[in-house]
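What Swiss-Prot annotates here:
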| type | residues | note |
| --- | --- | --- |
| ACT_SITE | D74 | active site, proton acceptor |
| BINDING | D74, G75, N148, D149, D178, A186, T189, A190, Y191, N192, L193, S194, Q244 | NAD(+) binding site |
Amino acid sequence: MQNKIDYKNIKKIGLVTRPNVSLDKEILKLQSILSIYKVELVLLKESSEILDLPKYGLDDLFKISDFVISLGGDGTLISLCRKACEYDKAVLGIHAGHLGFLTDFKVDEAENFFQAFFQGEFRIEKPYLLSIFLEDRQGKILEKLAFNDVVISKNNQASMAHIEVFRKEKKFNEYFGDGLIVATPAGSTAYNLSANGPIVYTLAQAFILTPVCSHSLTQRPIVLPKGFEIEIMAKDCMLCIDGQENYKMNDFKSIKVGLSDKNVALIHPKNRDYFQILKEKLHWGN
């Protein structure tokens, strides 16, 4: 994944916006700022129906852009991060949605950010994603990535989820309850946190198993290292990747999950402080 950005030779920056929301005013402001630095702003086709700016499909946008801006909330950024891994391109999150942990600033603050950026004053963090291998009944394997989490949950008909977890074909845990979350460190402050899972530093090489409303008081979250792959078996359950892609567990004979070798380069202001963000968002010390 992209380790550094040649900020002195940026020619094109792609932009993907939060879907189904008009952000034309914000797009024009970003275009105006970037034009000062002789940088062309190019859009995903669906980002605006009105603006007369170059527009591309998502794959072409990544191919021609030096990096890509996500203008929206955490959900917009998460879906973009999975795609960024395919093209080895960095992503910058600008907030225009529900306030989250991943987007650092609003469009009104973009002028100050880019002034610093084009002087080399920025940082890149590279959180790891999850790899999910879904093997269907015919032996075909589908590989997916998750930025935040994979959630196994009961379907509407089941009274509870029965989930078995194996390591090297040996069962090491069995869960009865509403479901199971497999979360990345970056995703530890999302659904995992709501289910009383631990907060894990974003750049840690680990992942988390957190039961959801377990029927046993002894079932607790567990943090596992990179290189530790688990196999999950559960009948009549659904598997959801990053809250965006859904699969029926019954369609697969094997589902394996572990921390991926792939990470995504996220561009941040140089003064970004992870623990200050936790303090502000979670109201620590108030």
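The backbone N, Cα and C atoms fix where each Cβ goes, and this holds for glycine too.
Within 10 Å of the Cβ of N148 (NAD(+) binding site) there are 27 other Cβ atoms, across all protein chains. Note: D178 (NAD(+) binding site) has non-local neighbours S153, K154, M160, A161, V212, C213, i.e. same-chain residues 6+ apart with C-beta under 8 A of its own C-beta. Counting only the Cα atoms, the space from Q244 (NAD(+) binding site) to D74 (active site, proton acceptor) is about 12 angstrom. Residue environment of L193 (NAD(+) binding site) contains 17 other Cβ atoms, counted within 10 Å of its Cβ in all protein chains. Each of the binding-site residues T189, Q244 was scored by how many other Cβ atoms lie within 10 Å of its Cβ, and the smallest score goes to Q244.
If you take the Cα of T189 (NAD(+) binding site) and the Cα of D74 (active site, proton acceptor), they are about 12 angstrom apart, rounded to a whole number.
Residue pair N148 (NAD(+) binding site) / D74 (active site, proton acceptor) shows a Cα separation of 10 Å. When the recorded positions D74, Y191 are compared by the number of other C-beta atoms lying within 10 angstroms of their own C-beta, Y191 comes out lowest. With D74, G75, N148, D149, D178, A186, T189, A190, Y191, N192, L193, S194, Q244 listed as the residues that bind NAD(+), the site has a largest C-alpha separation of 25 Å.
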